[in-house]
Amino acid sequence: MHNTDVVIIGAGPVGLFAVFQAGMLGMKCHVIDAQEVIGGQCITLYPEKPIYDIPAYPKIVAEELIKQLALQAAPFNPIYHLNQQAIELNKQDDFFEIKTSKNTLIKSKVIIIAAGAGSFGPNKPPLANIEDFESKSVFYFINDKSKFAGKNIVIAGGGDSAVDWAISLSDIANKIYLVHRRDKFTAAPESVRQLRHIAETNKIELITGYQLNALDGNNSELQSVIVKDLQNNTRKLDANILLPFFGLKQDLGSLANWGLNVKLHHIEVDSSYYQTNIEGIYAIGDIAHYVGKLKLILTGFAEAASSLHHAYSRVFDGKALHFEYSTTKNTGKRSKSVTK
């Protein structure tokens, strides 16, 4: 049985920043994550994706962001329990006992759920025989954009992932078609502005009012993508790569059985300190929901700070927290975190 102050479920960017915040407040942390490495979707799904809304970084790729967050958290010696899920919760007086899928037992006064989308997988387009092309010509995630150099690429979707990858790949691809069923994109306005600017150079062709209809190719090698509009008119796009970005399937797994208020795969929290309906359990980042919620990494960072400051008195048996700025605190010697 491990004993700690805080258990953080999820080792994505928000979970890692929560480790740092807890450490700054003198709290010990154990971190549970279902993946084999820390970083969440930033590492597993899109390590080379550029991120534009992190303060002080005009642009930073996801992998580098995780590297910096892990470095920031390292002085506080977090213990990582990777490749395992939190499956059982037992409340005992003023503490919790958590059991993982590897039978790891952890006793903690506070739980911070920073599980992002929970267990995740791509929403796949309903195209005949698409599985024949997967991993060779059809990709749902990008972990090495260099493999797309000189290719003719169809990107499908209208959100941030579709627009950001169209922009990012436009400087190495031969041609990009961005297919979206509407004329309006839901990505960040500045990203849409950049997209339309690049489209004027013909590096990106916007195919709006169309949806994916069929794939054509041989031996797992794509030759063209057929798209169709609302009047059933079709168009053939010569392409050897398809990147469908239609979001992720969300699955809270065992968290859904913990007695938390769950709505549409999200955990309801109060908007002051992000505490759930169970005292001592908080939810932050994309998994948390409240009125006015913004799904930004930056928002998750702020939620981590607020929730852990609120949890201080629970961890330290009612002791009042005397707020200090980080410039007055000593983070101690840097040391390596521990993975279990």
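Yeah, the Cβs are placed from backbone N, Cα and C, and that goes for glycine too.
Per Swiss-Prot, the features are as follows:
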type    : residues                             : note
BINDING : D33, Q41, Y46, A86, F120, D286, T327 : FAD binding site
Neighbourhood of D33 (FAD binding site) by C-beta distance under 8 A, where only residues 6 or more apart in the same chain count: I9, G10, A11, G12, G15, G40, Y80, H81, L82, N83, Q84
Close in space, distant in sequence - Y46 (FAD binding site), Cβ under 8 Å, 6 or more apart: A62, F141, I142, N143, S161
For A86 (FAD binding site), the number of other Cβ atoms found within 10 Å of its own Cβ: 25
DSSP-derived class (H/G/I helix, E/B strand, else coil) of Q41 (FAD binding site): helix
Neighbour count (Cβ, 10 Å) for D286 (FAD binding site): 25
C-beta crowding around Q41 (FAD binding site), within 10 angstroms: 19
Reduced DSSP assignment, Y46 (FAD binding site): coil
